[in-house]
Amino acid sequence: MIELFEDHLQAVLWSGALLGLAYGAAAQWSRFCLYRGLSNRWQSGDSIKLRAFVLAMAVALLSSQALHWLFGIDLTQTHYHQRSPSWPLLLGGGMLFGYGMHLANACGARSLVLLGSGNLRSLLVLLVLGVSAYATLSGLLAHPRIDLEALTQTRLPATSIDGLISLTGLSASLSKTLTLLVLAGLLLFWALKSPALRQSPRDWIGASLIGLLTAGGWWVTGVLGADDFDPVRLGSLTFVQPIGETLQFSMLSSGMKLSFAVVVVLGVILGSFVRALFSGEFSWQGYESPQQMQRGILGGLLMGIGGVLSLGCTLGQGISGFSTLALSSIAALAGILIGAQVALWLDSRKTTV
Amino acid sequence: MRAPLRLTLLILLLLLPLHTMADWQRIEALKNKVGTETPQTSGLQIGLPLVADDGASVPLKVTFNGTLAADEYISGLYVFASQNPRAEVIEFAFSDAIPRIEVSTRIRLSETQTVYVLAKSNQGNLWLANQDVRVTVSGCLMTDEDGTVTEAQMSQPRIALPRNPKAGEAAELRTMINHPMETGFREDSQGNLIPQQLIESLQVSRGDETLFSVTFNTGTSANPFVAFFLDQFDDLTFTWTDQQGQQLSETR
């Protein structure tokens, strides 16, 4: 396969673009969205979308671990496996992200998909998100972030769930199998318990595809991108830093190399656009009021800052990071869920009073 | 705008190139290499990213396509970084058997600064080029330079010959070896200075003849990577030497 391309980097870029296209189309078709899942469940008790997200987590976990077993991709080499993470920042960043997701009505990945189907509101959210992510990563907020990190870091004896279990004396392979069976079993059971999800192929097929695409990302960067001299950084679907990098690339491409993350982002927009066009769902949409616009801007800002502090978004930590069994993903995902729930709760109090 | 102001601005603009040209003279090591010669400014190209979010490993490519006299060839390339703790980054020495001057490596840049490359021919002619790189704080939160000390032993030498090598046709060879390239400027987690441990050189030879050699310095990234061009690919010996005098050789 690699002979088709000039070198392994070309192979990674083309496959990354295809992966993005597939994600964009699948997510546009199935309306895959963690925030929609949480708010539907909160407001009307309808949990299909939330169960679909959980199903995607389970599929991503099983398929990524299968890849690790088949190709020996070392998923502990990803940035989700931090030796000395900062719990307050992971959790707090997740909460900011979750709150921002509520304000903007969609997370970063969903905003890309919406943009492809003509939603100009998400263009503003994405611009703010990308800029604030880079401001936190390497700009105005970088030094405060690094100082806070240094203050709150704790050194861990293990970086993954199975690593933590093997500290009790169980062998590494046994604790991994146990973790996988229990976690995937629980998630699959809860997701598929609902007849509503089972009878909605759009949701369960879409979610399963997205789970498999996550493993696809590990394969592209870990197998196609493997090279003795210039290995591609191991990564999969994630949408905070990459949105910022895409903006940066659009401004500095003469002195920058195209990366896997950027082609995935562009692929998602294009994939969603093509699918929306063919299904007749494409329609231009904009803000209806300045208040809505304020929420969008603030939401993008909080998601950009929060997403960098928590090392990833709903997709990045919730699905990709989780599929590597990283401990940091559990903290970040918990933060995102808490942030979104608090936002929904505050909102419901406001409307009832 | 009034005339005197316009005139002042014009003079300032005219002075600007003079100012930037003089900047390299502040690097002692580079000044010593240049001596009293006046380097040419065209013919030497530096390939560096405009922005590097990982200053520990910035890809650098240097290409020479200037005009040379009949029996003249480029014998050395010297790379300097103006704001690094030590300005010397890496040096390449070429014999006349090298068909094309195009080398790639990865360098360390401690902050936003200007990278200078000086090329020297066997007849003593000089070329100088420079490029600015903006270095931001680490974009990725995990780096290999986080205070952990890895054992300073050379291991896993890798050499990749071109895919379809043809004698007489210039093609790129890539080499890499594992080594932390400890600078001696870094502290461990207890705050003690970690002693310097560097690979000093890579030598590529055929029989007794040295074709190409590289001198590494503190500005060379960990796991030194070097790519260069050759047009004969048989009987090559690659020898890495570290500061303790230990050697590791590979033959292709």
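For all residues, glycine too, the Cβ spot is worked out from N, Cα and C.
Bear in mind that TrEMBL entries carry predicted annotations, made automatically and left uncurated.
Going by TrEMBL, these are the annotated features:
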type     : residues  : note
TRANSMEM : A:12-29   : transmembrane segment
TRANSMEM : A:50-71   : transmembrane segment
TRANSMEM : A:91-116  : transmembrane segment
TRANSMEM : A:123-143 : transmembrane segment
TRANSMEM : A:163-192 : transmembrane segment
TRANSMEM : A:204-226 : transmembrane segment
TRANSMEM : A:258-278 : transmembrane segment
TRANSMEM : A:298-319 : transmembrane segment
TRANSMEM : A:325-346 : transmembrane segment
Do the transmembrane segment (A:123-143) and the transmembrane segment (A:258-278) share at least 3 Cβ pairs closer than 8 Å, excluding pairs fewer than 6 residues apart in sequence? no
Considering only Cβ pairs within less than 8 angstroms, which of the stretches A:50-71, A:204-226, A:258-278, A:325-346 has the most against the transmembrane segment (A:12-29)? A:258-278
Can you see whether the transmembrane segment (A:298-319) and the transmembrane segment (A:258-278) are touching - at least 3 CB pairs under 8 angstroms, only pairs 6 or more apart in sequence? no
If we skip the immediate neighbours and take only residues 6+ beyond the ends of the transmembrane segment (A:163-192), which ones have a Cβ under 8 Å from one of its Cβ atoms? 51-52, 54-55, 57-58, 61-62, 65, 157, 198, 204, 207, 325, 327
With pairs fewer than 6 apart in sequence excluded, do the transmembrane segment (A:258-278) and the transmembrane segment (A:50-71) have three or more C-beta pairs that lie under 8 Å? no
